[in-house]
Amino acid sequence: MAIKVLPSLLLASSYYTFPTLATGTIHPHVDVAIIGAGFSGLTAAKELQAANKSIVVLEAYDRVGGRVFDDKFPDGTVTYRGAQFVGAAQTNMVAMAKEMGVELIPTYNNGSTVLFINNTRSKFSSDSSVTGDLPVDAASLTQVATTEMLLNDLASEINPVAPWDHSRANEWDSQTFASWLDTKNLSSTARFVFDIAASTGFCEESGEVSFLSTLLSIGTSRNETGSGSFNQITSSVDGAESMICKGGCQSIAIKISELLGSEHVKLNAPVRIVRKTEHGYEISTDAGSVTSKKIVVAMPPVMSSRIQWVPPMPAGRDQISQRMPMGSVAKAIAKYKTPFWRADGLNGQAFSNTGLVVSTYDVSPEDGSSGVLLAFMHADRARKIDGKSHKDIQAMVTKDFVNIFGPKASAATDWIIQQWDQEEYTRGGYNSNFPPGTLTKYGPYIATPFQGIHFAGVETSLFWRGYMDGAISAGKRVAAEVFGSLNYILGKGVAPPRRTEHVTVETITSQVTGFRNVDWSWKILMYNMVVYHQQREQ
């Protein structure tokens, strides 16, 4: 059924003009419509389809993968515009890669890492983390180690289901990571380690994210049985950056979409209006309309707020969507005839507080047939290139490469520039962040369903927030949630607990000792089913 669009409904934003909406039905009525064909949405679709639920995935781009996006140089060499790193502890991602037949290979680590601080170049062996064997004074090394241990200890106290329930949550959420670091009186070198970790981890400056959310990110850098740590999110040896996907990680998304079937994945179909009906939802896209019983929103919160919801989302959900900005990140990828830095004893990795480039990695073909250097620009340094031409960006990055790797770095043969802030349906990366005051006031709304609308996306994950593994984890969680909700509606024996005014995340989690060993997917399902049941009775 085509949706009649009232002119008033098109005024969702004073700065955005909707295109003329298509009028035909692009898919039969389904149990679940998933908005977003990133790893989270595709995983949810895969799980629900395997459970015999009818699905359709609606994707705004002309490709699947979301923030996972690969490309090729003219000679066919694959490289990574989007997400690329995988860690051994990211068990969901490792399992998905294996299931889809995508090989994971080690990040290139042979040789020394370059540290370029205040225009001074030094080298060190990064055996286990960004700190590695830093060429700095003993006092700074002690400060780094002590601060890292303190962060790990505090992060271990955070319940990922309800971080706002911690006794010091308001205190920690009222300050930024930077203001907390200020109290530690760190040397400039020790401070550099943590500031650059914030920049590379959040794509924001340390003064832009709350300290509570920093602890949450450290604490959730784990799988269901492990424990999070600062090292997990900074290491290219045994942490989150220890492997890459051979042939590109987007190939996993492509294979999942092929498994789902092309008739169930609709590209070039940005969702504009979602309207509640007597029997479910009508979803209007640029490609036509779809009707469904349930909806999974698998996209960044700030982007979901650009959809016109009829009736509107709860105020709390809308507020958190307004308050969770995407980070700022860009990539510059340079191709060379050879990986010349290897002959100089370097592994292609570098960290810098000077110039435009924040960090670099060697992403050359496994056989070394050519050299490929990938540079990250995060936060303020990513914002510096807004409005600049690719030619200007190449010149700025080349200057940094020469400072870091020597004059041979000026001889790149090809370039790929990716500015995620410029992507129409993403507007940043890697994920959304929590400025001070957001997590404690609005955090409960991030994954709580509203009527028949459920929320996925890496921002809702209990594990590995900001990583492909976290997106998969969130997709699995929301699939279990939606499956239970559908079966409750259909009277198939999966019913939520009886309504009680006292049911909260706290009372549910208090029933289990040692929350690290709990199957969080089902705990979240139970909690959200309580919320769902309460909404039905209101």
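Just so it is clear, glycine is given a Cβ too, placed from its N, Cα and C backbone atoms.
Caution: TrEMBL annotation is automatic and unverified by curators.
Copied over from TrEMBL, here are the features:
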{"type": "SIGNAL", "residues": "1-22", "note": "signal peptide"}
{"type": "DOMAIN", "residues": "39-482", "note": "domain 'Amine oxidase'"}
{"type": "BINDING", "residues": "S40, E59, A60, V271, E459", "note": "FAD binding site"}
{"type": "BINDING", "residues": "F376", "note": "substrate binding site"}
Measuring Cα to Cα, how far is S40 (FAD binding site) from F376 (substrate binding site) in Å? 24
Going by DSSP, is E459 (FAD binding site) sitting in a helix, a strand, or coil? helix
Neighbouring CB atoms within 10 angstroms of the CB of F376 (substrate binding site), all protein chains considered, total 19
E59 (FAD binding site), DSSP three-state class -> coil
For E459 (FAD binding site), the same-chain residues 6+ apart in sequence with C-beta under 8 angstroms from its C-beta are P300, P301, M324, N431, S432, I446, R465, A474
Over the span of the domain 'Amine oxidase' (39-482), how high is the average pLDDT in this prediction? 95
Where V271 (FAD binding site) falls in three-state DSSP terms: strand
Give me the CA-CA distance between E59 (FAD binding site) and F376 (substrate binding site), in Å, as a whole number. 27
Cα-Cα distance maximum in Å, computed over every pair in S40, E59, A60, V271, E459 that the record assigns to FAD: 20
Note down the number of other Cβ atoms within 10 Å of the Cβ of S40 (FAD binding site), including every protein chain shown. 34
About how far apart, in whole Å, are the alpha carbons (Cα) of V271 (FAD binding site) and the residue listed as 'substrate binding site'? 31
If one measures from the C-alpha of the residue listed as 'substrate binding site' to the C-alpha of A60 (FAD binding site), what distance in angstrom results, rounded to a whole number? 26
So for E59 (FAD binding site), how many other CB atoms are inside 10 Å of its CB? 29
